[in-house]
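K.L.:
Below are the structure tokens for one structure; questions will follow.
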Amino acid sequence: MTIVTSSAPAEIHAPNRPRRITPGRILLILTLTLGLAATLLPFVWMLLGAFKTNAEIMRRPVTWWPQAPTMDNFRAWFVDFDMSRYFFNSVFLALVAVATTLLFCSMVGWALAKLEFPGKRVLIGVVLSTMFVPGIVTLIPTFVLVANFNMVGTYWGMILPGMVGAFGVFLMRQFMLEIPDSLLDAARIDGAGEFRIFGGIVMPLCRAPLATLAIFTFMGSWNGFLWPLIVAQRESLYTLPVALALYTSPTGDKGAEFGLQMAGSVLIIVPVLLVFIAMQKHFVQGIAMTGIK
């Protein structure tokens with residue numbers, strides 16, 4: 001009895017050839033290196049300057065590393081100023097902005113993507129056209145509207161104008177267009193209503209764009225300066241950027257305190273970095289899957 005065994009042909013791997021170093025590749029690496037250095041150097045200077053005194057920052061010649069590191073700049077924010085209140089305002093406004101934006105933008109995006117109604121195309125065009133209007137153009141009309149409703153100097157006046165945005169609607173609509181209609185029709189045949197389909201099927205499928213929109217919204221609200229500055233009008237409503245600008249400007253209470261300003265900037269940046277690092281995977285997926293990469 002003869003047993004014939006057949007073995008799979010051995011896989012042939014192409015040799016890993018090192019990439020040729022061409023003048024174009026060298027130029028690309030140098031350009032990227034210079035761009036990275038130009039981006040990181042201000043942040044490094046800010047981080048190191050936060051541990052310096054104002055006199056050391058102004059000293060010439062410039063020294064990068066603090067000669068006598070101090071925490072006085074950070075301590076001043078929590079002792080001399082109501083840092084906890086400013087931090088609460090920033091966190092509260094950012095979380096409310098994220099929650100309302102995710103809810104309303106996803107609902108509007110769902111309607112524009114999967115529901116049919118008269119004037120749908122016109123409405124889509126209007127929503128997209130607002131993306132090309134600079135925010136500064138609508139600043140005064142929005143403030144007048146908020147003032148007419150007696151919301152100046154309140155949380156509502158700072159929250160309502162940012163509860164929904166054209167970019168968020170566009171982002172969610174683009175992703176929801178890719179959801180198969182057959183899946184939604186099968187749910188309707190099983191007796192599911194539109195709200196059940198939206199909450200139980202569509203939203204779980206939209207984790208990536210929701211995470212992307214959450215990051216954009218959080219960063220926009222956290223870094224917002226002009227609108228909170230105009231609407232707050234009292235110290236108890238100041239956010240971190242507003243407090244940083246008012247208390248560290250040359251005409252502010254502390255004068256040109258650069259060490260204090262850099263320490264405040266570090267405190268503002270850290271939460272944004274943590275949010276981005278925690279959600280960067282979903283952020284990249286959301287950008288790639290919605291076709292705006």
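The backbone N, Cα and C atoms fix where each Cβ goes, and this holds for glycine too.
The domain 'ABC transmembrane type-1' annotation in TrEMBL covers 87-279. If you look up TrEMBL, you'll see 26-48, 86-110, 122-149, 155-176, 197-219, 258-279 marked as transmembrane segment.
Please situate the listed features within the shown structure.
P.N.:
Below 8 angstroms of C-beta separation, residues 108, 112, 157, 160-161, 166-167, 169-170, 173, 226-227, 230-231 of the same chain, each at least six residues beyond the ends of the transmembrane segment (122-149), sit close to that stretch.
Within the same chain, residues 92-93, 96-97, 100-102, 104-106, 108-110, 112-114, 124, 127-128, 130-131, 142, 146, 149, 202, 206, 208-210, 212-213, 216-217, 220-221, 224, 227-228, 231-232, 237, 286, 289-292 sit at least 6 positions outside the transmembrane segment (155-176) and bring their C-beta atoms closer than 8 Å to a C-beta of that stretch.
Long-range contacts of the transmembrane segment (258-279) within the same chain: residues 43, 46-47, 49-50, 52-54, 56-58, 72-74, 76-77, 83, 87, 90-91, 211, 214-215, 218-219, 222-223, 240-241, 243-244, 247-248, each at least 6 residues beyond the stretch ends and with a Cβ under 8 Å from a Cβ of the stretch.
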K.L.:
State the non-local partners of the transmembrane segment (26-48) in its own chain: residues 6+ outside its ends, Cβ under 8 Å from one of its Cβ atoms.
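P.N.:
Result: 64-66, 262, 265-266, 269.
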